[in-house]
Amino acid sequence: MGAVLELKRALHTLKGGARMAGLMTMGDISHHTESLLMQVESRVLMPSSVLFDLLEETHDALVSMLNRIALGQSPGSVEELLARLTATLDDSEFPSPAAPTAEMMETVELAPPPAPERFVEPVQAPVPPPPTELTMRATPASKPPAPVAKAPPPPKPSTPAPQGALASEESTNANEVIAAADNDWVDRRERPGQIRVNTNLLNNLVNYAGEVSISRSRMEQQIYGFRDNLAELRRNAVRFRDQLRELEIQSESQILYRLDQSDPSSSEFDPLEFDRFSRLQQLTRSLTESLHDLTTIQLNMGNFVGEAEAVLQQQARLNTDLQEGLMRTRMVEFGIQGARLRHIARQTARELGKRAELEITGGDVQIDRTVLDRMIGPFEHMIRNSLDHGIETEAERVRQGKPPLGRITLVAKQEGNEIVIRFADDGAGMSVQKIRAKAIERGLVSPDANLTEDDLLQFVLLSGFSTASRVTQLSGRGVGMDVVHSEVKQLGGSMSVNTETGKGTTFMIRLPLTLSITQALMIYVGDQQFAVPLAAVSNIIESTPEQLSRLSVGKNPLLNHNDKLYSFMNLGARLGIASAGRDGRKVPVLLARAGAREVALQVDGLGGTREIVIKALGPQLAEIKGLAGATIMGDGRVVLILDVAGLWYVEEALHVEHTERPTAVADVRARPIIMVVDDSLTVRKVTGKHLQKRGFDVMVAKDGIDATEQLRTRVPDLMLVDIEMPRMDGYELTGRVRSDPTLKHIPIIMITSRAGDKHRNRALELGVNIYMSKPYQEDDLFRNVDTLLARGRPH
């Protein structure tokens, strides 16, 4: 009852507003529809499929007219629909709601009450208020109540009730209806207040929250670096304290030695009677006090760092709450666009002369408003495509033993941080053989290619690919599914197809719950870092490079894990990046999902999981297959987000055999490794940074002992060595390198502040290739580096 009341109110408001605006045709349609509802409510017209089809067509016409008016266009002609509405009303011979009769005035006590006063309806002319019980009692007796003869009488009870009892029962029912309507309005008044917020403003707020998260990450990175420097300062302070202690012991020993050499008969005080301080002792005591002050400052700075980290953690929690709150404001129910999609389905079915219904399940699933808005167009494409090429005519369905009414289902559910949408129809399905023939005709695949059914079905997602024998105004040009697939990819989702001839086609679409923030697994390929959406990764295993290299040979390599086969790919080979040497150690392999396919990705390293802010790539990079976006790290680096499904399903991928990949990777040279050996932390950092900018991998060592230990596990292509270092100097280190058969081939550049010939000759005798004095020109250094590396490369 409440739904009919709301519908009549909406139609009445629309009728009044349309007539005030001069849109008489829209007003007439609203008026006739309101009359039909009153006839159904009074049982003059009985519900039927024909009546519901007419009401749905009327609703679609009103929606279409409103949309055209909103675009500044004419509402269009609906004379045929208006004529059918008029004919239906004439057949029922029921009075119009716009001209109430005396009989209706007398029986209005049983009708639902009008809306509260705050509900103002625009009308064309003043309408007298409905009579109340008081006005009815004041009606002259000369006008007796007219009997309700036009409505079918209710079924007679087994025991006749007195007329007063019937009137009492009718009054009770009317009061219940009035009370229900009043409670409905009270509930509305008690609802919390709402405001309208511009979508662009909300998107900007979400972006700002993401920028705050990035800034906080950069602050954390700086704090971590500051803590590392404090740890280095602490180690230096401990070493400085030990050296001062040794200096004090040496100075005291010298004083005692001088005392022993002095004349014992001297009248001066001995050390037990009077302390004497030499200049050296005064300096050591001053250094000790300075070291104590430095230690105090270091402790205070450590406390400051701890407090800063606590504040950052609190800010992280608040920022997370802020982002989640903003995300909730952008979340809407999946079913809010259900009416629009059903309208498209009904309209398309009428145009094609078919009968079908759209069933939406999971309408209460929450999804980002931006994601839903961008997917409405693709859903409309899919509905039209299913009705045009999938759903058969009613006669064909009956002949095949199917229900006369075609069925399209749209099911949405949430899985972790993803929305999984299943779009299916029970139509004729797609012919895999036709798809294969069309792919061969277009030159997308060779006739002898051994492709699976899943591979062939991916062709329907390509631009311009269609197996339709005819082109209609609705579909058949091969554009619709390409638009759908492109939109899904731009949203960071994936799409797969499955079909069964004679039973229908199913599309599985996976979309991110939100477009702003997601959990990602950080991976390394060579020396480059990438992010993979965590929702796409199901497991991580390890395997030796030798085992994986055997998989990379041949077509369609497969990895067997727990008796389950995964399509295997070396990610470094796919991206054209040389993998870092692992010296026989096991490498990580990601077990992931690429649409309907289970895949395995070989990577070089893992960097843990983290929450990242997704940034769009822009029009220049958005069309590159295999990329889903980018994110900004705490140190300011931009890291690309990989699309696992896109790494497989690209147009060129079906032409490339895996046997070609090792050859392509063999041409990519590994980055040279240079070891910097210097006792100065500043020199190590500055030199290492310059080398990394030039494309070199860098190893650092603080003295000869440290360098010797590192050389046992990793051999560089070149060494930059200082002379004066603690524990082991540059001369001794050079001698050990030249005496080791496995290391003697390494070129060595010695960089020192000693510019004398004596030091230079000693270095050259030990086997140093180039001797450079500080300060030096950076260009000279890299020229020498390139020269020595070129000598060592095989030709």
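A Cβ is built for glycine as well, from the same backbone N, Cα and C atoms used for every other residue.
Bear in mind that TrEMBL entries carry predicted annotations, made automatically and left uncurated.
Source: prediction; values computed, not measured.
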Matching range for TrEMBL feature annotation, region 'Disordered', among 114-173, 354-413: 114-173
181-215, 216-250, 461-495 - the range that TrEMBL marks as coiled coil: 216-250
Number of helical, extended and coil residues in the domain 'Histidine kinase' (379-515), per DSSP: 48 helix, 34 strand, 55 coil
Other C-beta atoms that fall within 10 angstroms of the C-beta of His12 (phosphohistidine): 20
Cβ-Cβ distance under 8 Å to Asp722 (4-aspartylphosphate), same chain, at least six residues away: Val677, Asp678, Asp679, Ser680, Val683, Gly730, Met750, Ile751, Thr752
Residues of the parent chain within Cβ reach of the coiled coil (216-250), under 8 Å, 6 or more residues beyond its termini: 281, 284, 287-288, 291, 294-295, 298, 301-302, 305, 308-309, 312, 315-316, 319, 633-636, 681
Three-state secondary structure, His12 (phosphohistidine) (per DSSP): helix
Helix-strand-coil residue split for the domain 'Response regulatory' (673-789), DSSP-based: 53 helix, 23 strand, 41 coil
